[in-house]
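J.: I have a structure I would like to understand better, so I am pasting it below and will then ask my questions one at a time.
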There are 4 protein chains.
Amino acid sequence: MSDSPTDPLLALRRDLHRHPEPAWCEFYTTARIVEELDRIGVDDRYLGADALSVDDRMAVPDDATLDEWFQRALDAGADEDVLEHFEGGTTGAVAVLERGAGPTVGLRVDIDALPIEEADSDHDPAERGFRSENEGYMHACGHDAHATIGVGVLEAVKESDFSGTFKVFFQPAEERVGGGKAVAKGGHLDDVDYLFAVHVGLDHPTGEVVAGMGGFLAVSHLLAEFEGAPSHAGAEPNAGRNAVQAVGTAIQNLYAIPRHKDGATRVNAGRIGGGTTSNIVPAEAFVEGEVRGETTRLRDYMGEKAERVFHNAAEMHECEVELSTEGEAPSAESDQQLVDVVEDVAKHQPDVDHVLEHAALGGSEDATYLMQHVQKQGGLATYVGVGTDHPGGHHTATFDVDETSLDIGIDVLTDAVVETVERIP
Amino acid sequence: MSDSPTDPLLALRRDLHRHPEPAWCEFYTTARIVEELDRIGVDDRYLGADALSVDDRMAVPDDATLDEWFQRALDAGADEDVLEHFEGGTTGAVAVLERGAGPTVGLRVDIDALPIEEADSDHDPAERGFRSENEGYMHACGHDAHATIGVGVLEAVKESDFSGTFKVFFQPAEERVGGGKAVAKGGHLDDVDYLFAVHVGLDHPTGEVVAGMGGFLAVSHLLAEFEGAPSHAGAEPNAGRNAVQAVGTAIQNLYAIPRHKDGATRVNAGRIGGGTTSNIVPAEAFVEGEVRGETTRLRDYMGEKAERVFHNAAEMHECEVELSTEGEAPSAESDQQLVDVVEDVAKHQPDVDHVLEHAALGGSEDATYLMQHVQKQGGLATYVGVGTDHPGGHHTATFDVDETSLDIGIDVLTDAVVETVERIP
Amino acid sequence: MSDSPTDPLLALRRDLHRHPEPAWCEFYTTARIVEELDRIGVDDRYLGADALSVDDRMAVPDDATLDEWFQRALDAGADEDVLEHFEGGTTGAVAVLERGAGPTVGLRVDIDALPIEEADSDHDPAERGFRSENEGYMHACGHDAHATIGVGVLEAVKESDFSGTFKVFFQPAEERVGGGKAVAKGGHLDDVDYLFAVHVGLDHPTGEVVAGMGGFLAVSHLLAEFEGAPSHAGAEPNAGRNAVQAVGTAIQNLYAIPRHKDGATRVNAGRIGGGTTSNIVPAEAFVEGEVRGETTRLRDYMGEKAERVFHNAAEMHECEVELSTEGEAPSAESDQQLVDVVEDVAKHQPDVDHVLEHAALGGSEDATYLMQHVQKQGGLATYVGVGTDHPGGHHTATFDVDETSLDIGIDVLTDAVVETVERIP
Amino acid sequence: MSDSPTDPLLALRRDLHRHPEPAWCEFYTTARIVEELDRIGVDDRYLGADALSVDDRMAVPDDATLDEWFQRALDAGADEDVLEHFEGGTTGAVAVLERGAGPTVGLRVDIDALPIEEADSDHDPAERGFRSENEGYMHACGHDAHATIGVGVLEAVKESDFSGTFKVFFQPAEERVGGGKAVAKGGHLDDVDYLFAVHVGLDHPTGEVVAGMGGFLAVSHLLAEFEGAPSHAGAEPNAGRNAVQAVGTAIQNLYAIPRHKDGATRVNAGRIGGGTTSNIVPAEAFVEGEVRGETTRLRDYMGEKAERVFHNAAEMHECEVELSTEGEAPSAESDQQLVDVVEDVAKHQPDVDHVLEHAALGGSEDATYLMQHVQKQGGLATYVGVGTDHPGGHHTATFDVDETSLDIGIDVLTDAVVETVERIP
């Protein structure tokens, strides 16, 4: 792939990078992908509510936020007719190639961005003119590259001698683990025999490929909303029911949930807020957090303990607490048969220096919902890592991908899709 | 006072009630007061930077907030030429009547509102059409009445046979105890011999007057801003420096500062916030709070303990913390000689049923800065309570004043101003 | 009183000082008092279970502790026949003088000591040979002086022309506020018309007398016993239910119970313990603490909040908690009629320099149970302060009384007893 | 081995079980072992200070405790002349067989017991008359079996055709990880070429053997002693410096030390205490705890965070804190060459059903000090697990060993010692 914006995929990646959008607000992003689908020509495309199970979406923002991002997409020039499919936060798309007899193969890529302010110096996108135009948001985890790889593989499979059905799932809201379940239950995965998911980077350099990532931490995102009663902090300190005290107690005890003998667990109170002003006993406060576990069972251990902490912190300070799950993903494993295929095709790519059979993600991913769905109906799945030199770490202001790795990803996955059908019919 | 908006003072009170503005954003409010000063005719008026010591303002909001409220005042029809005096958050005014030989008497009223959403049913202002038009803000402590009383007394003193100089101080930012110091140091108080301050309500019913309020709690508003370092909560939980954990520790230990044998103390973590999203170890967080004491010394005891808590909570979690004082007021006492005058004139008012020599405020007030300033230069001061039936408590969504108490306040204070000069020359 | 141990009262005070005994273990102390009663000759004496309501005792130690102190009293030479009355921790005595027609007057003195190690240098009792022989325990609050004053007044009243009935209540367990209720309900107070209680020192110097102490803080001593489950901290950190975590949460939130607008409150977690060794998740832990309030209602506010904290701290960590009240006292007020009598007789004592009508105790006292009991049945009560120069503060290792104040106390109280009957018949 | 106390090893095990002694108090235990050494006849025996590096002992109890257990050993009939070697808590012994030319092989067994009260029903030792006679202490981790195995292997090696030097290290204070370092530095390990350590049970049933245990958690036992200042909780709550508040803050934040991406960590506040009585602000308090890590580096991560917590908890409450390390052990790995030997000989034992090459301990052990010492000088080490059916878990009141496993342990280790010299000369 030439380092020039005349290349349509490179142009796509940079355009997406300029327009990072958070979970369920990928209006411009999905519309831009649809534009590419139309350029390539696909047999079927399913948009928005037709692509996923609307009721299984998690972490959907409020209407005001959705409206704001919708308007921003319009202002940025997205096609109004296409955008209509996504109203109310039903973003995402499924593209289908019907290529004759044979099994159904799927590729899942995620498309959302993060609430991180992008670096504005010593940073390639800034210097070459495609820094984020949505201030405070950034493609800091490479989903712009993922979407581009999805489009690239679609195009390449179309041009290959692949026989069967090929579907690309452009999934929203991965960063909030809010979209995987909705896509998994959207119906289009029900006939998929083999599923590939892909992630760039993860501290693997350009030229390195991981055939089967593992070590996904199961995760739940939790929102705890405390409600007490206000009072004047000087005149009637005893008359309030202090939601901030409840939050203080909760934070202390959340992080103190005992470690578990069976493996790694995680907990984080990632965002807090509460109260109105310094002289009012605060009546409302919240903790937005998450728990994880090396297995789904360990995640649930943490989740049950966290609920206990929230409930008793509330009751201790005579507050009410409402708990909701804002996003969730199980753990999952890559299937060895598909891992073998990927390992093999990767070794034959000229730009691939190094192939790892397995590596651990050490984080969470709701691709696991899709992987489990396929595996439960007897299919196979693997999660492929495509190395890319990245100057800053994932989720930091200086993250960037080495664009030469886009072609590597497209080539490896295209070959894997084609070869899988030939080898494991 | 007739219950009709044709009465200019009643109209003023309701107009101010419709346009509640928070600390240092009293653009519409001050402009509206200036309009009244012009109607009445005063000998001098000092606006904005001419009325106070700009550098001694505390709790001034950021420029974006100031700009937003400035624009809102313009939109609401405030006089643009007058508004210019207040640019950058230098609101407030001093009005002066020069009435021949004699001492200088001052009256201080405060004019700001609170970030509280006003009730929209079972609430007089809602039913009679003067509910807050600035959604989320409300005159929930009667400062609309105070400003009106200030104007009313000015008019009445002008029409009286008062001899001397009379000044009314329309002070901004009392709710944040951010304006008292700036007005006290603004120069216009330096020649004041006798100072009156006034507050309506405080659980005293219409017809009751308190000649000398005491029991002011000295107060400091504190802002603690914690800065740590972010990391991915799943992949590198150990790599962050967690500002929310620091806040959790701080909250727990702030409220646990030991009680003091010498009298009442208070502490509140009124507003907290921090972090960005559930899967990032939060790198930034803040606590906006306050400490109080029955005496300035007790307030300082609490303040020193609170600083110790903040510093060690930060260090425990490897964060930095920056502390700033966002507003402050000492304690103060009313002088018996002025109390006697008020008590006496109040007893002679036909609408006053009951006069209390003393009562305790049980809260804080930065009128104390002005009182101390006058007392230090040998003058006298008293803080007068004017009862008013109020359906909801102070600082609640259903607070309202009984408008018949406006005349009582005006009459008592006018007589007190006139009598003081006669009795204590 | 001469500074020589040949004086029986001085000898008594020093003997008691040498044998400090904690709550309900005043075996030697009561036996020694009985010896004095026999020396003086009283009309009736009630010992142990005959002197108080056994079931209303609070803070009674366990049998092993009682047995140990009982044995220690025997070893120190206490009369075995007398000691038998106190078995099981029913210490204390009531002495009665029947002196013809007239009202019944009572005097209450307390007799227990504290778990404090007495200073062994720069300390009069150490230098003059009557330092505590019960290592780790000490008369650090002057109850040795109180018992002596009780005996002294008894003797003096017997020799006076007092007409009526006079009772001295030698009350155990005041330091744990565990004995007042039992004595109040013991029956002997039911016919008392006038009650005096007495305390030495309290920062009042020798020669100063307080006719009516007030400002008693109502108090409850609480014991919270947490029970969880142990597990190996390395192998199964998740399997335990951690009682020490529950205690940590409880401590933090106990001290953070909001201050109350109505007046002073107190809270203390005075003693904690828990766990067995460093590598076992601790299954048992306790907090021994107290709450106080300026009024009984404020004490109850604190008590209810504390219970809520304990319950939720336990439940948060999946522990059980058992709460018990280990001692308790209400607030009370001295009656002005008796205060007037004391003030008057004190002013006529040659060694009294200064008489205060009122002063605040600022602590708690279960004499309030006795005072309330008498007041409820229509009688009068006052709590008298007898100044004494004390080198160290109350409850410190260097506390001591100025023995010249013993006579002052005896004289003032004797005159008050006699005069009361004459003046308020 | 017959199930009869006439068998000397069985009698030994039961005698040791009846006399459990905690760290550095193994007076009776070591003396009893010496008795066996004399029965068997060894070439050299080193006792107490001659067996270990006195200054490297950790977690040594205070003199009063040492004296009490010393006396108890005397009372239980231990040989006074032998006991003298252990005065001051220098327990333990090294036994040496000089058997001609050849390498030096070591076997390390630990000998101390735990502060756990042994079950008195439904428990074999209780029913068969060898329940603990030291109430509150118990061999709840099988060290009675370990000591017996050590003696048994010594006897069997003596009777074998082993050529070389064989040393058995009877190590004190393993439960407090306080003895390993002292024995490792005692000099007798300096010429050891091959080292075996052994543990029974660990959830492996009778008949199962683990050739090389791994997964030792590195550990540090910490003692944090807080010192503040007392004050009367009612009269001067502000005057104290509250050590219990410091402990509360420390507990909450200790357990909340962030998990680490590199592997398992542990933390426990296993024992706490503080304060004197409910109405005194507590001036002294302590936390006895531990941190662990899957690697020594992870242990140190936890240790540094814990120190930070302790220091800031102290400073927050104006207390001093003194930290000391009460016991410590690194992590270690078994060497494959020795693992192979053990695996092989175990497979040839008739009573061994199942041999595992590796298994994880999941706890800590200071045998790692000895293993590292040998490995650093070029030798080899392995830690052997000998299964035993145990009704209750380790460190619980109903733990017991299946005595038939003693012979298995002796046979496997004897063969391993003999074979090692033959195979890896």
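Cβ atoms here come from the backbone N, Cα and C positions, even for glycine.
Nobody curates TrEMBL annotations by hand; they come from automatic prediction.
Values in this document were obtained by computation on a predicted structure and should not be read as measured data.
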J.: Among D:GLU117, D:GLU175, D:GLU225, D:GLU419, which residue does TrEMBL annotate as binding Mn(2+) at the site that also has D:CYS141, D:HIS143, D:HIS199, D:HIS395?
T.: D:GLU175
J.: Would you list the other residues of this chain near Mn(2+) - those whose C-beta lies within 8 angstroms of the C-beta centroid of D:CYS141, D:HIS143, D:GLU175, D:HIS199, D:HIS395 - in sequence order?
T.: D:ASP110, D:ASP112, D:ALA113, D:LEU114, D:HIS139, D:ALA140, D:GLY142, D:GLU174, D:HIS394
J.: Please list residues from the chain of D:HIS395 (Mn(2+) binding site) whose Cβ is under 8 angstroms from its Cβ, counting only those at least six apart in sequence.
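T.: Listed in sequence order: D:LEU114, D:ILE116, D:ALA140, D:CYS141.
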J.: Select from D:CYS141, D:HIS143, D:HIS199, D:HIS395 the binding-site residues whose C-beta atom falls under 8 Å of at least one C-beta in chain C, and return them in sequence order or as 'none'.
T.: D:HIS395
J.: Could you give me the DSSP helix, strand and coil counts for the domain 'Peptidase M20 dimerisation' (D:225-297)?
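T.: Summed by class, the stretch gives 15 helix, 30 strand, 28 coil.
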J.: Summarise the model confidence on the domain 'Peptidase M20 dimerisation' (D:225-297) as a single mean pLDDT, whole number.
T.: 95
